[in-house]
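Input: a single structure, listed below in structure tokens.
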Amino acid sequence: MMGAEKAELGMEDLDLELEAGAGSPSPSPSPLTASSKMQALDFEHIGSLAAVAESLSPGGKWRRALTSVRVVILQAKINVLLPFGPLAVMLHYLPGKHQGWVFLFSLIGITPLAERLGYATEQLALYTGPTIGGLLNATFGNATEMIISLYALKNGMIRVVQQSLLGSILSNMLLVLGCAFFAGGLVHPSRDQVFNKASAVVNSGLLLMAVLGLMFPAVLHFTHSEVQYGKSEVSLSRFSSCIMLVAYASYLFFQLKSQRSLYSPIGEEEEVSEEEEDEKEITQGEAICWLFVLTIWISILSGYLVDAIQGASESLNMPVAFISVILLPIVGNAAEHASAIMFAMKDKLDITLGVAIGSSTQISMFVIPFCVVIGWMMGQQMDLNFQLFETATLFITVLVVAFMLQEGTSNYFKGLMLILCYLIVAASFFVHVDPNSSDNK
């Protein structure tokens with residue numbers, strides 16, 4: 001009897017163990033499942049390696065380059081205007097007086113290049129983010145003005161340098177920003193577009209500091225209160241230029257490193273998700289290469305444009321000062337104009353402000369002081385005395401734009417007001433006679 005009871009107890013224990021084993025999950029996967037997962041991972045790894053190897057092969061590089069050329073050059077219909085650039089260069093070297101046609105063809109040839117520069121910058125902004133993307137756009141857009149300024153400064157054309165840089169600031173703050181606000185407001189008419197107000201306030205403060213640096217040399221000269229006539233204003237301009245360069249470098253560190261979270265665009269997470277949805281048609285390296293190529297070609301055409309200014313002034317019966325302050329900056333800011341409007345229509349106002357206001361800040365706080373320092377090295381008497389009329393125009397413009405940006409919102413009416421203000425400024429320079437060089441210095 002005892003043996004039979006032990007046998008029954010053993011069978012019951014065995015049944016309990018079998019039930020427990022059936023109810024509990026398997027502690028380890030089967031060898032077949034593990035091997036299939038390893039094979040899948042191996043296939044994915046091999047596929048990625050094959051893609052990398054194909055891209056690094058000579059044939060893959062050529063195919064990638066041809067694809068990039070097709071996307072950047074042949075995709076936009078506006079690129080049918082590209083042949084006008086080489087035509088302007090050819091007309092420049094033909095015998096005879098063709099300055100008027102060279103000016104016109106250079107103007108037309110720069111237009112598609114500006115649009116493609118905005119496209120390449122937008123592609124690069126998908127990789128770098130909106131803040132750095134706007135800074136890059138402002139930098140590449142101002143490369144044309146810097147090259148023209150150095151070219152004119154080398155030839156002693158100080159007033160051309162001053163007027164073109166002043167006109168670039170006015171064009172960016174009134175025309176470019178106004179058109180961007182107007183176009184963005186028409187695309188989004190039912191609501192106000194918003195942007196980071198803190199970043200706009202900081203840029204407005206830097207622009208007021210630039211006005212401060214430009215105002216005192218002019219006031220010092222026209223009040224005849226210099227210690228040494230003709231020398232004190234130059235010395236003050238060089239000292240102020242060094243201070244402005246330090247301030248701009250501190251601003252870059254403050255915005256991009258120290259307080260980056262405070263000046264990040266509004267709705268950054270939503271913007272990142274939107275950027276992920278946007279198609280990256282070219283790689284980051286290709287975008288950088290295209291930015292350099294397009295900037296160089298725009299700078300070349302801008303050089304021919306500057307050389308034809310005098311002939312265009314005679315043929316169009318316009319003063320050179322009006323062409324330097326109004327017409328020339330419109331061409332030089334074509335890249336900013338196209339990209340700022342494009343970003344505003346896509347409701348990316350922070351990049352628009354980085355392009356328009358950031359470009360004005362960069363010209364006033366970096367390009368102008370940089371030209372003063374370079375002129376100092378060249379032995380040129382480049383200073384910050386932009387004359388009273390130009391300095392007063394810049395001061396009023398900065399105040400108007402600062403009031404427009406203080407709410408952190410934009411609409412088509414604000415854009416229309418900025419455009420109308422630019423028309424008033426353009427009319428003022430059309431009837432303004434630039435003082436003779438003997439009266440300036």
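Glycine is treated like the rest: Cβ placed from N, Cα and C.
Within its own chain, the transmembrane segment (71-94) has Cβ neighbours under 8 Å at 101-102, 105-106, 108-113, 115-116, 119-120, 281-282, 290, 297, 300-301, 304-305, 307-308, counting only residues six or more beyond its boundaries. Under the heading transmembrane segment, TrEMBL lists 71-94 (among others).
The feature domain 'Sodium/calcium exchanger membrane region' is assigned by TrEMBL to 101-256 (among others).
What TrEMBL records for 165-188 (among others) is transmembrane segment.
What TrEMBL lists as transmembrane segment is 200-223 (among others).
The transmembrane segment annotation in TrEMBL covers 235-254 (among others).
As annotated by TrEMBL, domain 'Sodium/calcium exchanger membrane region' applies to 287-429 (among others).
Under the heading transmembrane segment, TrEMBL lists 287-306 (among others).
Annotation source TrEMBL lists transmembrane segment at 318-344 (among others). Beyond the ends of the transmembrane segment (318-344), by six or more residues, the same chain brings 106-107, 110-111, 113-115, 117-118, 121-122, 137-138, 140-141, 144-145, 148, 159-160, 163-164, 166-168, 170-172, 175-177, 179-181, 183-184, 187, 193, 298, 302, 305-306, 309-310, 312, 351-352, 355-356, 359, 390, 410, 426, 429-430, 432-434 to within a C-beta distance below 8 angstroms of the stretch.
The annotation transmembrane segment is assigned in TrEMBL to 351-378 (among others).
The annotation transmembrane segment is assigned in TrEMBL to 384-405 (among others). If one looks beyond the transmembrane segment (384-405) by at least 6 residues along the same chain, the residues whose Cβ comes under 8 Å of a Cβ in the stretch are 162-163, 166, 169-170, 173-174, 177, 197, 200-201, 204, 207-208, 211, 213-215, 217-218, 221-222, 233, 236-237, 240-241, 325, 353, 357, 368, 372, 414, 417-418, 421, 425, 428, 432, 434-435, 440.
As annotated by TrEMBL, transmembrane segment applies to 412-433 (among others).
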